[in-house]
Amino acid sequence: MASESPDVAVVAPVVENGGAESSNGKEEQLESELSKKLEIAEDGQEENDGEEGSKAETSTKKKKKKNKSKKKKELPQQTDPPSIPVVELFPSGEFPEGEIQEYKDDNLWRTTSEEKRELERFEKPIYNSVRRAAEVHRQVRKYVRSIVKPGMLMTDICETLENTVRKLISENGLQAGIAFPTGCSLNWVAAHWTPNSGDKTVLQYDDVMKLDFGTHIDGHIIDCAFTVAFNPMFDPLLAASREATYTGIKEAGIDVRLCDIGAAIQEVMESYEVEINGKVFQVKSIRNLNGHSIGPYQIHAGKSVPIVKGGEQTKMEEGEFYAIETFGSTGKGYVREDLECSHYMKNFDAGHVPLRLPRAKQLLATINKNFSTLAFCRRYLDRIGETKYLMALKNLCDSGIVQPYPPLCDVKGSYVSQFEHTILLRPTCKEVLSKGDDY
């Protein structure tokens with residue numbers, strides 16, 4: 001304010017000298033006007049400085065907002081139907097862990113062991129690969145469960161599922177893709193059935209369908225299955241195998257004997273009953289079907305996890321992958337090979353076998369290139385352009401190079417349910433790799 005400015009001088013008039021008074025008055029007036037102009041100029045400069053400071057502040061805020069908006073950039077979301085490869089949904093390259101379960105009793109110390117944590121750091125690339133395969137499995141089965149309904153052709157269900165896997169896993173030869181044919185076994189057929197080309201089987205309301213499919217990255221396999229039934233009368237049958245599988249997973253661990261897991265599974269499975277069309281059945285574990293260890297490019301790596309008591313005394317070991325799967329049946333609880341074969345797999349330990357048929361040699365080269373020791377089905381051979389191959393395929397089977405896996409069936413008229421997860425016995429904990437929100 002001007003009244004507070006120290007530049008304004010107040011001088012008393014001199015009465016004796018009128019000229020001096022007049023001169024002094026003019027000087028005082030000039031000084032006063034000059035002071036006012038200086039004050040106005042200073043005030044203007046302050047306002048300019050304030051405006052510039054305000055602009056600078058606004059500019060900084062805008063930059064911060066821009067930076068914040070960049071940080072808040074959302075990750076891509078999966079489409080419906082799914083079409084975006086999972087590698088694009090996780091640009092960091094790190095894929096979600098499965099469900100972590102701590103070891104118990106004598107192995108509880110592993111949870112906090114620095115030495116064991118260091119071992120896990122070395123295995124991180126493998127863990128990440130198999131987690132990527134598991135994430136694909138979760139997203140594909142979520143979609144398939146939402147679209148499957150009575151009246152669909154089994155071939156359409158399988159091809160929709162398999163094509164979705166190919167997209168989401170970024171299929172790339174033997175580096176990434178489908179690990180084995182889509183099993184969609186119905187009712188008394190427990191496993192290893194998929195439609196061959198031309199099959200016209202239609203899914204019915206009263207069917208019990210086991211959807212068993214696999215994904216892999218660099219041969220690291222996720223083997224995971226679930227059962228679909230539209231009629232609620234089958235709910236207890238599905239619950240039996242689901243809870244039995246959870247029990248098997250809970251019991252599994254480093255140094256656990258395989259026979260103990262089987263006994264625990266059977267106890268839970270056979271505690272269930274199911275009423276079908278007015279008749280009550282006790283659910284039975286299928287005694288000649290098992291879970292199994294998994295190796296790179298090897299779906300059955302040598303160890304079997306029984307689902308009844310009285311199995312092997314062999315122990316599970318650190319670092320192993322296992323498919324824990326259970327089958328509950330209203331039939332005899334025993335399967336046999338039946339129906340037309342669709343599943344085949346090159347024997348993992350097959351050495352060089354001389355082949356006489358040129359067509360068999362050609363087919364073997366195709367199998368080596370496209371599947372190696374991963375399982376395949378006739379539809380997959382059709383898809384890559386193979387024709388008139390049945391005689392050559394039989395020759396490869398007869399020579400012991402390729403193993404056929406016909407459908408496995410309980411008694412006709414019975415119903416079988418299945419649930420399965422892949423687990424990893426890490427040095428510090430047990431990871432249920434394929435676990436999802438659904439099961």
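Just so it is clear, glycine is given a Cβ too, placed from its N, Cα and C backbone atoms.
On a predicted model such as this, the values are computed, not experimentally measured, just so you know.
Cross-referencing Asp199, Asp223, Asp410 against the divalent metal cation 1 binding annotation in Swiss-Prot, which names Asp212, Glu420, picks out Asp223. The distance from the Cα of Asp212 (divalent metal cation 1 binding site) to the Cα of His192 (substrate binding site) comes to 9 Å. Highest local Cβ density among the binding-site residues His192, His292, His300 belongs to His192, counted as other Cβ atoms within 10 Å over all protein chains shown.
Each residue contributes its Cα atom, and for Asp223 (divalent metal cation 1 binding site) and Glu325 (divalent metal cation 2 binding site) those atoms are 9 Å apart. In sequence order, Gly183, Phe213, Gly214, Cys224, Ala225, Ala323, Glu325, Gln418, Thr422 are the residues of the same chain, not among Asp212, Asp223, Glu420, whose CB sits within 8 A of the CB centroid for the divalent metal cation 1 site. Secondary structure at Glu325 (divalent metal cation 2 binding site), as computed by DSSP, is strand.
Annotated divalent metal cation 2 site Asp223, His292, Glu325, Glu420; additional same-chain residues within 8 Å of its Cβ mean position, judged by their own Cβ, are Asp212, Cys224, Ala225, Gly291, Tyr322, Ala323, Ile324, His421, Thr422.
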